[in-house]
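**Q** Straight out of TrEMBL:
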ACT_SITE  305  active site
BINDING   58, 60, 152, 305  Zn(2+) 1 binding site
BINDING   60, 61, 62, 92, 278, 309, 323, 324  substrate binding site
BINDING   152, 179, 232  Zn(2+) 2 binding site
DOMAIN    48-236  domain 'Dihydroorotase catalytic'
Ligand SMILES: NC(=O)N[C@@H](CC(=O)O)C(=O)O
Ligand SMILES: [Zn+2]
Ligand SMILES: [Zn+2]
């Protein structure tokens, strides 16, 4: 059923004043008080907070290649339930998204599913091998309009390749999203290197392996005059380097993941591989520094690094388990928690870090806008007064590897609208199969 006219009644826009919002033919049509229903479907949004639809800079959708862990459909359904209207899909699929063909396929699958816009990220190097630059220009010129490139899962560790890639993307105002991990410093690494790794006898992944690459790439971005974005920043030392770079006016941006804002390496003591992730869970001093940096804007955005893994790749011995955890359906709740909880959070900062800024970084012009007549109606409605318990089997993702199982979290997503159509209503996915035939 197509429903083109909606009246959202009484939502608190950006958590501030309540207003009625009329949505017609995909766009905001009227914003005011006491608007008449006039044939529109009415959504009672009293007490709900309206935010621009969230935008994820870092999602692993696993299609093509590992549809047993996630598909574009299941991943974007998880996104919609998490309040997202757009996700950037990482390139480490099988085959790797290193050609126009693969990025166009992923883009089209997103459009067909109809739950969130999928913006493919292209690989920097062919096959993520870190040797030969992929055809960035061809991917940019394709229907998928790729502007962001990343070898995520791997670091672009060769400084010459990184330099050339930065030079190349500069020609079309693109950017490189770096997974900062000096591979020589993390060989065999199983967890954060610190007091606990020594005690548990697990090989360490030192903070300096991340910080050394971030420092190098800040210098390269400055030298080349191009843009670098740092994925999943996890240490206090990285925050210091990024802050210094920004003070100098160097064009760098950074994201932090919800799990790094909430969890520490102490979880590893359970040897439950659900807590294994790259970069690893760090120390409480890192968590504190990341929270402050996010609140202050030194870290620009929250990104999920949603990394679904099939049961057999996660429910095994720690050393053999794949790194990565689910994120899309829990990110908003954890961000609110990390920014002071539902009673104290500044919703404008949530909108900035989870929607406006990531949309700007990714170049998604129709996303990340506050309600304004004429803009595309991409938004989400959040109930800040409710809490929910994370039950893995109730998530929309195919995979089950959430590190937050059993946790009681603030805020529920009541509805999400993509281009003026509900993808989630009353907390449940809508049927989108008619929309996209
Ligand atoms: N974060 C992870 O631990 N894993 C990611 C890759 C990555 O983001 O580096 C994955 O693709 O599973
Ligand atoms: Zn990564
Ligand atoms: Zn990732």
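Quick reminder: no glycine exception, Cβ is built from N, Cα and C everywhere.
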**Q** Return the single residue from the recorded positions list (152, 305) that has the minimum number of other CB atoms within 10 Å.
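**A** Across 152, 305, these recorded positions, the one with fewest Cβ atoms within 10 Å is 152.
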**Q** Taking only C-alpha atoms and a 10 A limit, tell me which of 58, 60, 62, 179, 232, 324 are near the residue listed as 'active site'. These are the binding-site residues.
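**A** The binding-site residues passing the 10 Å Cα test are 58, 60, 232, 324.
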**Q** Listed binding-site residues are 60, 61, 92, 152, 323, 324; which sit with C-beta under 6 angstroms of ligand 2?
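**A** 152, by Cβ distance under 6 Å.
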**Q** Averaged over the domain 'Dihydroorotase catalytic' (48-236), what pLDDT does the predicted model reach?
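**A** Mean model confidence (pLDDT) across the domain 'Dihydroorotase catalytic' (48-236) is 98.
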**Q** Can you tell me how many other Cβ atoms are located within 10 Å of the Cβ belonging to residue 62 (substrate binding site)?
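**A** Its Cβ shell of radius 10 Å holds 28 other Cβ atoms.
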**Q** Do you know which of the binding-site residues 58, 62, 92 end up with C-beta under 6 Å from ligand 1?
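**A** Cβ under 6 Å from ligand 1: 92.
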**Q** Should any of the binding-site residues 58, 61, 92, 152, 323, 324 have a Cα within 10 Å of the Cα of residue 179 (Zn(2+) 2 binding site), which are they?
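**A** So the list is 152.
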**Q** Using all protein chains in view, find how many other C-beta atoms are within 10 Å of the C-beta of residue 58 (Zn(2+) 1 binding site).
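**A** Summing over all protein chains shown, residue 58 (Zn(2+) 1 binding site) has 28 other Cβ atoms within 10 Å.
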**Q** Near residue 60 (Zn(2+) 1 binding site), how many other Cβ atoms are within 10 Å of its Cβ?
**A** 27
**Q** When you measure from each Cβ to the nearest atom of ligand 3, which of the recorded positions 179, 305, 324 fall under 6 angstroms?
**A** 305
**Q** For residue 232 (Zn(2+) 2 binding site), identify the closest of the binding-site residues 60, 61, 278, 309, 323, judging by Cα separation.
**A** 278
**Q** Substrate site residues 60, 61, 62, 92, 278, 309, 323, 324: biggest Cα-Cα distance, Å?
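**A** Greatest Cα-Cα span of the listed binding residues: 17 Å.
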**Q** What are the other residues, in sequence order, whose C-beta lies within 8 angstroms of the center of the C-beta atoms of 58, 60, 152, 305 at the Zn(2+) 1 site?
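**A** Same chain, not in 58, 60, 152, 305, Cβ within 8 Å: 59, 90, 153, 231, 232, 303, 304, 306, 307, 324.
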